[in-house]
Amino acid sequence: MNKALPQAIFLMGPTASGKTDLAIQLRKRFPVELISVDSALIYKGMDIGTAKPNETELLQAPHRLIDILDPAESYSVAEFRRDALKEMEDIVAQGKIPLLVGGTMLYYKALLEGLSPLPAADADIRAQIEQEAETLGWEAMHDQLKEIDPVSAERIHPNDPQRLSRALEVFRISGKTLTELTQVKGDALPYQVHQFAIAPKERAEIHRRIELRFDNMMKGGFEEEVRSLYERDDLHADLPSIRCVGYRQMWEYFDGEGTLDDAIFRGICATRQLAKRQITWLRSWKDLTWLDSDNIDGALQTISDRLDKKQAQ
């Protein structure tokens, strides 16, 4: 590892594991600036259901890449990488260490490994695709994508014309599918990265925390928050923002699917599944140091020792 490279810290972990609390403590003790690595916290007006840091927490530890988009907008992994690299560069220029905190593992992976260079947008091809969609409908365009790139078609909904159009455009420009191109790694992250994951030792503790968080969300006005989104004319259930756990289940409730208690139960179950996927991903992560959610002092000491060791080299 080249010690001339600037340092960066990754603080990963499943939902409800205590990442924000630990990050705030780190901000108090070290010259770090926080960057959110969370595909839900990017959205404005989605505060309660995403467990977004509150005003007091943000005063103690400002987070970059929070509240940058309207829920009607999409945000790609490539856009996150571009924005995060820009923020990291700015933090390093201030003589500080970027602390990236969140649970969107795909974002971390893209940062570490880079992304394959995709062809630039072509206005003529994009216009051609949009013209076809006007004639045939986006469902038919999605069927086209299924034929050429079933993996991308599985991820991209017919009601997401921005991403659907881009996937078709990439194929028509390059002759290669989005799936093929994204399997090619790009430029690696030019930083010395200290990678940590925080989680309780017992799975039951994660489940308890998730249930407690959901209960607090409901008491804090989560139903009203989702209702205000539901009443907008420009949002629908297939947008990435509304597919976030908790929001999807409440949206279904407003659509007449089951009772409020059903929605809460489904939301808790979906959040548990998310945490399980995050932990599974982290268990296969290389060069990762695990921290115990129930021992914050020990976690702080572990990170401090790592930083002190690097500074002494």
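For all residues, glycine too, the Cβ spot is worked out from N, Cα and C.
Per Swiss-Prot, the range carrying the annotation region 'Interaction with substrate tRNA' out of 162-166, 257-261, 307-311 is 162-166. When Swiss-Prot is compared with the stretches 204-211, 228-235, 276-283, the one noted as region 'Interaction with substrate tRNA' is 276-283. Distance between Cα atoms for T15 (ATP binding site) and T104 (site 'Interaction with substrate tRNA'): 10 Å, as a whole number.
Sequence-ordered, the extra residues of this chain that approach the ATP site, with Cβ no more than 8 Å from the Cβ center of G13, P14, T15, A16, S17, G18, K19, T20, are G103, I198, A199, R209, S293.
K19 (ATP binding site) sits 12 Å from T104 (site 'Interaction with substrate tRNA'), taking the Cα positions as reference. Excluding T15, A16, S17, G18, K19, T20, which define the substrate site, the same chain contributes G13, P14, D21, A51, G103, I198, R209, S293 within 8 Å (Cβ to the Cβ centroid), listed in sequence order. Residues 12-15, 103, 105, 197, 199, 206 of the same chain lie 6+ residues outside the region 'Interaction with substrate tRNA' (276-283) yet bring a C-beta within less than 8 angstroms of a C-beta in it.
Among the binding-site residues G13, S17, G18, the ones whose Cα sits within 10 Å of the Cα of T104 (site 'Interaction with substrate tRNA') are G13. Most Cβ neighbours within 10 Å, among the recorded positions S17, T20, T104: S17 holds that distinction in the structure as shown.
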